[in-house]
């Protein structure tokens with residue numbers, strides 16, 4: 001492991017008269033471009049997740065890859081097309097951590113696009129048989145797994161702590177927009193009477209992968225990753241290019257770098273040789289579980305039933321125009337993600353989660369209750385309306401927070417491993433619920449939308465866990481989060497806690513204490 005001193009250029013941030021980082025302007029054109037480009041890393045996951053269900057229902061696709069075995073895919077073939085690719089995504093998540101640690105965030109995205117997503121999408125498009133189609137989907141989803149592992153950390157590295165929620169929320173917003181594009185594309189091509197009905201959606205997926213990969217060539221590498229490699233001058237130059245020109249720009253950049261360096265240095269002192277499973281040791285397990293529970297909880301909160309299987313459940317319940325209702329659900333999800341990130345950064349993580357999860361629990365029980373008697377048209381219309389509201393609230397709460405927590409709760413050195421752990425279990429729970437929901441809703445129990453009673457119970461448990469363990473990290477630096485976890489501060493007391501490191505920064509800014517020289521950060525051995 002090679003040591004490198006963080007020199008005076010970084011320590012200048014602690015000199016008398018240091019500017020207030022919490023209220024400084026932060027947005028310029030280059031940062032906006034980078035946030036948009038990195039945000040696209042979520043989009044291919046959204047496209048694949050949204051278009052798969054309607055795509056595999058297209059009669060001409062079934063005829064092409066299953067022949068005369070029936071008008072719909074058999075259960076075995078559906079498992080091959082829907083669940084096997086999730087295994088590829090889980091493998092991509094595992095590969096994403098060492099890849100981004102070794103070659104950086106930007107190169108990891110480029111490798112995922114050009115080596116996995118683009119070739120896999122092209123194979124899907126031109127696959128001559130079922131085996132080739134499955135391999136193409138597995139190949140493509142392996143890249144998607146890497147993208148969803150790298151993207152949230154990359155995004156959080158580029159922006160100041162006080163706007164992390166909005167930045168990660170923008171990425172999810174882009175993905176929701178792509179989801180609408182995916183669903184409406186399949187809906188639009190479903191009336192075509194030749195192979196274009198399924199080839200156009202597949203071609204669009206390949207085109208998006210090419211476009212996003214090319215745009216990523218314009219992205220800037222993560223300054224935190226550069227700093228972790230001992231490349232302070234490159235980190236400084238990169239961060240300077242991502243902040244608006246102002247009289248305080250130089251000092252603000254030094255202050256951000258000093259905070260990054262302090263977090264890295266403190267983590268290195270505790271953990272000289274990081275191993276993946278250290279995220280589960282006594283020191284880190286609380287942070288790991290807090291950072292990772294929300295994505296897995298979202299899978300058992302009703303979204304698989306109400307959102308992923310919306311068309312099936314609405315049809316089974318006798319709702320008129322179920323496909324149009326499905327498109328409306330995806331549209332209000334987009335609206336929810338426009339609202340959610342602002343709530344997360346203005347009101348805070350904890351209030352947004354507690355309010356949103358309470359509403360979701362009520363909606364789950366209300367949907368299930370209505371499903372017990374759908375004899376009247378008004379009951380069926382109310383069921384559709386509740387599903388639409390569910391889509392908005394789920395997007396406002398779960399979607400706005402799930403990818404944010406793994407980027408700010410773990411220590412700086414364990415963020416990659418924690419996010420990989422988070423996404424791996426999200427895919428595991430997705431596979432389980434994807435198998436279970438059809439069996440409960442359409443299998444021998446024939447529960448239909450009454451399955452939401454189960455998910456309402458799961459949301460009640462999630463609400464209790466959130467109240468007990470989700471801390472308020474709005475506007476907190478990495479050093480402050482490290483400090484509050486080190487003293488085992490209860491989650492309910494984080495909002496008003498004054499950190500010693502914050503007081504030290506304020507004192508140094510007014511000249512009350514030393515200059516903070518001699519801060520050391522080591523190149524992280526990956």
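Positions of Cβ are set from backbone N, Cα and C atoms, glycine also.
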Between 138-156, 233-251, which stretch does TrEMBL give the note transmembrane segment?
138-156
So which range, 351-371, 477-497, 498-518, gets flagged transmembrane segment in TrEMBL?
351-371
Per TrEMBL, which of 268-290, 383-405 is transmembrane segment?
383-405
From the ranges 31-47, 48-64, grab the one TrEMBL calls transmembrane segment.
31-47
If you check TrEMBL, which stretch out of 1-18, 109-126 is marked transmembrane segment?
109-126
Please indicate, using numbers and ranges, the residues of the same chain that are 6 or more beyond the transmembrane segment (168-190) and have a C-beta under 8 Å from a C-beta there.
35-36, 38-51, 54-55, 58, 151-152, 155-156, 196-198, 200-201, 204, 208, 323, 326-327, 330-331, 333-334, 336-338, 340-342, 344, 395, 399-400, 403-404, 407
Contact ranking winner - 31-47, 78-97, 325-344, 351-371 against the transmembrane segment (453-470), Cβ under 8 Å:
351-371
For the transmembrane segment (202-227), which partner among 31-47, 109-126, 138-156, 351-371 gives the most CB pairs under 8 Å?
109-126
Mean pLDDT over the domain 'Major facilitator superfamily (MFS) profile' (34-474): what is the value?
88
Name the range, of those listed as 351-371, 383-405, 417-441, that has the largest tally of Cβ pairs under 8 Å with the transmembrane segment (291-313).
417-441
Residues of the parent chain within Cβ reach of the transmembrane segment (78-97), under 8 Å, 6 or more residues beyond its termini:
45, 48, 52-53, 56, 108, 112, 116, 130, 133-134, 137-150, 276, 416-417, 419-420, 423-424, 427-428, 430-431, 434-435
Region pair the transmembrane segment (138-156) / the transmembrane segment (325-344), three or more CB pairs under 8 Å:
no
Which stretch from 31-47, 109-126, 383-405, 417-441 shares the most C-beta pairs under 8 Å with the transmembrane segment (325-344)?
383-405
